[in-house]
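This report refers to the structure that appears directly beneath it.
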Amino acid sequence: MRIGHGYDVHKLVEGRKLIMGGVDIPWEKGLLGHSDADVLLHAIADAILGALGEGDIGKHFPDTDPAYKGADSLKLLEHVANLAIAKGYCLGNLDATIIAQRPKMAPHIPAMRENIARVLRSTVDRVNVKATTEEGLSFTGRGEGISAHAVVLMIGKG
């Protein structure tokens, strides 16, 4: 068994879609980034890569590589899942937290969990996603950005 932790943050800007957990969330702003800037999936990918001892998403998907411009983070997470499988690991469980003042994430969490479980070839009961605010404090509390943390337990198959 191996444990990994991931964290990601992106700035909120006008003129971008807000994608979280592979779900397009209707909102006046979106996250700025080289890919679709899905902080939840990026944190999860980082956690899995950490558990595998494989660095981070910047190593695997550099923001200097035009191949990842506008990339769908579900595809990036799928690549990480395939790497885990190739190394003989599967998801034991995942616990993630989105930190955002607005918009409310709760209505979208079931769809996020389904997307994540599907891409990781797991079941929804092994994927937990929750959301919180920072009560108006810090950059997320002021609505300047959104961040996410993820912790994974990866289980060796052999």
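Placement of Cβ uses the backbone N, Cα and C atoms for every residue, glycine included.
Worth saying up front: this structure is predicted, and the values here are computed from it rather than measured.
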Of H42, H60, residue recorded by Swiss-Prot at the divalent metal cation site of D8, H10: H42
Other same-chain residues whose Cβ falls within 8 Å of the Cβ centroid of D8, H10, H42, the recorded divalent metal cation site, in sequence order: V9, L31, G33, A37, D38, V39, L40, L41, A43, S147, A148
Cβ neighbour count (within 10 Å, all chains shown) around H42 (divalent metal cation binding site): 28
Fewest other Cβ within 10 angstroms of its own Cβ, chosen from the recorded positions H10, H34: H34
Distance, H42 (divalent metal cation binding site) to D65 (4-CDP-2-C-methyl-D-erythritol 2-phosphate binding site) (CA atoms, angstrom): 16
F61, F139 as binding-site residues, winner by CB count within 10 A: F61
Those recorded positions listed as T132, T133, and which of them has the most Cβ atoms within 10 Å of its own Cβ: T133
